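Peer 1: So that we are looking at the same thing, I have put the structure below in structure tokens.
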Amino acid sequence: MTAVLTVAVLLIVYGVTSRPLDRRGITSAMTFVTLGLVTGASGFGWLDVPLDSAVVERLTELALVFLLFSDSVRMDLKALRHSAAWPSRLLVIAIPGTMVLGFVMGLVVFPGMAVASAFLLATMLCSTDAALGQRVVDDPRVPPRVRQALDVESGFDDGIAVPFFLVALDLTMATLVGGVTSAVLTNIAAQIGWGLLAGLSTGAVGGLALRQADRRGWIKPEWRQAVTFAIAISAYAVAVTLGGSGFIAAFVGGMVFGAVSGQHGLRTTYLTEEVGNVLAAVTWMGFGALAISAVWHDITWKVVLYAVLSLTVVRMVPVAIAMLRTGAARQTVAFMGWFGPRGLASVVFLLLAMERGIPGSGDIAATVVATVGLSVFLHGLTAGPLVGAYHRWFTRQATRAAAAGCKTPLAEGKATVVPRTRRHPDPNEDSAVPAARGSRATTAADGIPLGESPHG
């Protein structure tokens with residue numbers, strides 16, 4: 001019970017000090033990783049739980065499941081339809097490009113690494129973390145179009161990365177049996193196929209049930225959140241029972257549920273998202289307490305080199321290619337390229353890979369932990385200063401354009417709607433999810449341009 005008490009106390013400590021910490025640029029992930037280091041195996045030993053324990057694995061999996069589901073529910077594709085150019089470029093060009101470049105860098109930096117293992121490493125580190133990038137996405141000083149692109153990318157790329165990760169994981173495991181067999185291919189098809197089916201069915205049935213209950217006035221406000229939460233669990237459980245991927249089911253199920261129910265706001269997803277956030281906080285404690293100490297002796301200069309390349313070249317070059325001929329300035333491309341933090345999904349992928357007993361796990365585990373660890377602190381510490389510098393640059397450019405009588409707005413300043421805003425209640429939603437006193441209201445799916453007040 002010592003570990004349980006430690007987790008509870010750390011959650012309380014951060015919760016009651018979260019606002020002043022945030023004002024000082026200290027993110028929740030930075031805090032919990034640090035507290036994990038202090039209270040873990042390399043510190044006081046209060047969080048000394050085996051990294052490969054079933055409890056740790058299930059908690060981290062559920063954290064990603066709930067956040068995948070709530071993120072995809074919150075994504076209003078209708079609102080996004082008329083301003084999808086930048087987000088779609090990041091998803092269609094930058095994410096695959098990151099995988100390809102990460103794969104190549106893996107073979108270069110680790111000459112002895114198997115091809116399948118290099119591909120697996122690339123898929124584990126290709127997606128960005130919405131929560132770690134939240135400070136940038138929520139800051140009204142960042143132009144609306146840039147915030148939207150980063151927000152949509154981080155909301156979708158975890159779901160996009162999952163099938164590639166599953167394929168890479170099975171291909172890596174196939175090296176243990178001498179090559180790709182029909183059983184391996186069958187398992188890949190089952191993981192993806194059953195995951196899609198589970199997501200489509202539970203999302204559609206759950207969304208229709210909520211829609212009809214709303215129409216007839218059957219659902220009490222306090223139970224709306226529980227229904228959404230149960231649908232997320234159902235999507236995951238059905239997929240796992242059938243032999244499919246619970247992550248694919250959660251992602252697809254959330255999109256279908258949102259589309260069928262017509263509900264995209266925190267009025268419906270608040271509980272699911274907050275449970276995911278709490279479990280993510282526990283995951284970050286475990287990351288600091290267990291993962292870092294477990295791989296510390298495997299971290300070499302090659303591991304650090306790949307981690308740095310993954311956060312810079314591997315991410316920024318594909319983003320630059322994706323943004324060609326969009327009118328975005330070099331400063332904007334660099335800003336968007338840098339703020340692609342790696343986080344929870346990479347940690348979950350690593351635990352799944354370790355559970356399967358992948359060959360060559362030492363370099364892979366050390367590299368993922370080093371990359372995520374660097375990302376948590378580097379992206380957290382640079383968010384405030386770089387947002388400020390970017391805002392000053394953009395303001396100067398906009399002022400010069402206005403002084404020159406330019407009627408065409410800068411590409412970055414084009415008006416756009418918010419398809420999704422995490423963590424902040426809609427001002428148009430009922431009091432089931434009250435906004436904190438004095439907090440800044442933002443909108444999610446009501447078509448109000450990002451950064452503008454819904455009240456004019």
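Backbone N, Cα and C define each Cβ position, glycine as well.
Whatever TrEMBL says is automated annotation, not expert-curated.
Quantities reported herein were computed from a predicted structural model and do not represent experimental measurements.
Quick paste of what TrEMBL says about this protein:
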- 10-387: domain 'Cation/H+ exchanger transmembrane' (DOMAIN)
- 413-456: region 'Disordered' (REGION)
- 28-49: transmembrane segment (TRANSMEM)
- 90-122: transmembrane segment (TRANSMEM)
- 160-185: transmembrane segment (TRANSMEM)
- 192-210: transmembrane segment (TRANSMEM)
- 230-257: transmembrane segment (TRANSMEM)
- 278-297: transmembrane segment (TRANSMEM)
- 303-324: transmembrane segment (TRANSMEM)
- 364-390: transmembrane segment (TRANSMEM)
Peer 1: Below 8 angstroms Cβ to Cβ, which residues of this chain, lying six or more residues outside the transmembrane segment (278-297), approach it?
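Peer 2: Sequence-remote neighbours of the transmembrane segment (278-297) are 7, 10-11, 14, 28-29, 32-43, 47-51, 56, 59-60, 62-63, 66-67, 131, 344, 347-348, 350, 362, 365-366, 369-370, 372-373, 376.
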Peer 1: For the transmembrane segment (303-324), which partner among 28-49, 90-122, 192-210, 230-257, 364-390 gives the most CB pairs under 8 Å?
Peer 2: 90-122
Peer 1: Within this structure, do the transmembrane segment (364-390) and the transmembrane segment (28-49) have 3 or more Cβ pairs under 8 angstroms, counting pairs 6 or more apart in sequence?
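Peer 2: Output yes: the transmembrane segment (28-49) sits against the transmembrane segment (364-390).
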Peer 1: Cβ under 8 Å, sequence separation of at least 6 from the ends of the transmembrane segment (192-210): give me the contacting residues as numbers and ranges.
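Peer 2: Hits for the transmembrane segment (192-210): 163, 166, 219, 224, 227-228, 231, 234-235, 238-239, 242-261, 263, 268.
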